[in-house]
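Remarks on the structure that follows.
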Amino acid sequence: MAALYWQTEGAGNTDLVLLHGWGLNAQVWQSMVVRLAPHFRLHLVDLPGYGRSQGFGPMPLNDMANIVLTQAPERAVWLGWSLGGLVASQIALSAPLRVEKLITVASSPCFSAQDDWPGIKPDVLQGFQQQLSEDFQRTVERFLALQTLGTENARQDARLLKGVVLEQPMPSVDVLNGGLEILREADLRQPLADLTVPLLRLYGALDGLVPRKVAGRLDDEWPNSTSVVMPKAAHAPFISHPDAFTEQVIAFAQA
């Protein structure tokens, strides 16, 4: 029987749901829990098919968002990292009344590079899909290493991410491929342009997966949202710069 892993902790009055990225699970937020728990009621979720949320197969973005929403508090601040940012954004589009505020971290409404849009080359994502079936473990490790590349403690941060993956049940190759498919195909640029939910977009200046140019483009296209680019961070700013990250989240969520 498929069941979503959902853990709640914290002393605050505001509900804050944290959604992790591709290949990982809610353990990735451990350094954030101690910092955020005094201020929020935290909801730590393993996305369907990831970590402790076993029994789910690959699914489209909309289905993933709906499954997560069924267990969510009536109204919350939603924070999504990378793939989790797409899921949180889809939830804000599907059920705006249930989203008090939205925070996306190192995420993009369209991860794939298009003619005039900065992103990951589609053949790179296809390459990862191909390699997954050949060498599952190594491909996940390579993807994790990419996320911390260029930061001061890149190796240490990559080890931490790898530990998070190994600590919980691994997603199946099918689920991982499904996640890459979402990253390759999703394009929420147009729908999110009309979003009325307050939106904060956090980026790392050194991010090799979501180019910092995305921040500037969306500043122009989504003038109602706010962006912050963290100068020495890459794709996992909450791991490389936990205190600065926490400050941004608290300031925005409690404003």
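In case you wondered, yes, glycine gets a Cβ from its N, Cα and C as well.
Of the residues HIS43, HIS235, Swiss-Prot places HIS235 in the same substrate site as TRP22, SER82, LEU83, PHE143, LEU144, ALA145, LEU146, GLN147. Of the residues the record lists as binding substrate, namely TRP22, SER82, LEU83, PHE143, LEU144, ALA145, LEU146, GLN147, HIS235, the two whose Cα atoms sit farthest apart are 16 Å from each other. LEU83 (substrate binding site) has a Cβ environment of 25 other Cβ atoms inside 10 Å. Each of the binding-site residues LEU144, LEU146 was scored by the number of other CB atoms within 10 A of its CB, and the lowest score belongs to LEU146.
Between the alpha carbons (Cα) of LEU83 (substrate binding site) and ASP207 (active site) lies a span of roughly 14 Å.
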